Amino acid sequence: METQRASFSLGRSSLWLLLLGLVVPSASAQDLSYREAVLRAVDQFNERSSEANLYRLLELDPPPEQDVEHPGARKPVSFTVKETVCPRTTPQPPEQCDFKENGLVKQCVGTVTRYWIRGDFDITCNNIQSAGLFRRLRDSIRRGQQKILEKARRIGERIKDIFRG
């Protein structure tokens, strides 16, 4: 009788452990911070990229406010990466690579899960024009603006001359 009770108790305990195992996510997945999840996404970007060099996190936009925290829920992310001097084939982690002077900068957006399972992300990265191009564009606009203002001044002087008579 005692053996039956012990066996029944052991069976019930096993059932509870089994149910608990189904409810709690497996140990192969990890609960990551927002930053860690983004760093993993950058690693995956580098693995899937056909670019010659590795990219490294340049700037991490703040995480959006979430009402309810569900570890498995997809979280929107936004960050910027920059090309490094390390070739993509290097075993060195991107965090140990220096940024390439005038390297490409990419703005990345997408979703990741904080409860990380390998490859569970959806990120798109697009080139951002380098600061040099923006500077040249700004300077061209200023020069064009100055030319327009100079022509408007000349037209104004001609109109004054017409009314003077």
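Glycine is treated like the rest: Cβ placed from N, Cα and C.
Cβ neighbours of Cys86 (disulfide bond) (same chain, under 8 Å, six or more residues apart in sequence): Asn53, Leu54, Gln92, Pro94, Gln96, Cys97. Taken from Swiss-Prot, the feature disulfide bond applies to Cys86-Cys97 (among others), supported by similarity to another entry.
What Swiss-Prot records for Cys108-Cys125 (among others) is disulfide bond, and it gives similarity to another entry as the kind of evidence. In the three-state DSSP classification, Cys125 (disulfide bond) falls within a strand.
In the three-state DSSP scheme, Arg164 (arginine amide) falls into the helix class. Over all protein chains present, the Cβ of Arg164 (arginine amide) has 6 other Cβ atoms lying within 10 Å. Residues or ranges marked as arginine amide in Swiss-Prot (evidence: sequence analysis): Arg164.
Annotation source Swiss-Prot lists signal peptide at 1-29.
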Under DSSP, is Cys86 (disulfide bond) part of a helix or a strand, or is it coil? strand
Specify the count of other C-beta atoms within 10 Å of the C-beta of Cys125 (disulfide bond). 21
Tell me the Cα distance separating Arg164 (arginine amide) from Cys125 (disulfide bond), rounded to the nearest angstrom. 62
What same-chain residues, at least 6 away in sequence, bring their CB to under 8 Å of the CB of Cys108 (disulfide bond)? Ala41, Val42, Phe45, Val77, Ser78, Phe79, Thr80, Val81, Ile123, Thr124, Cys125, Asn126
Could you check what DSSP calls Cys97 (disulfide bond) once collapsed to helix, strand or coil? coil
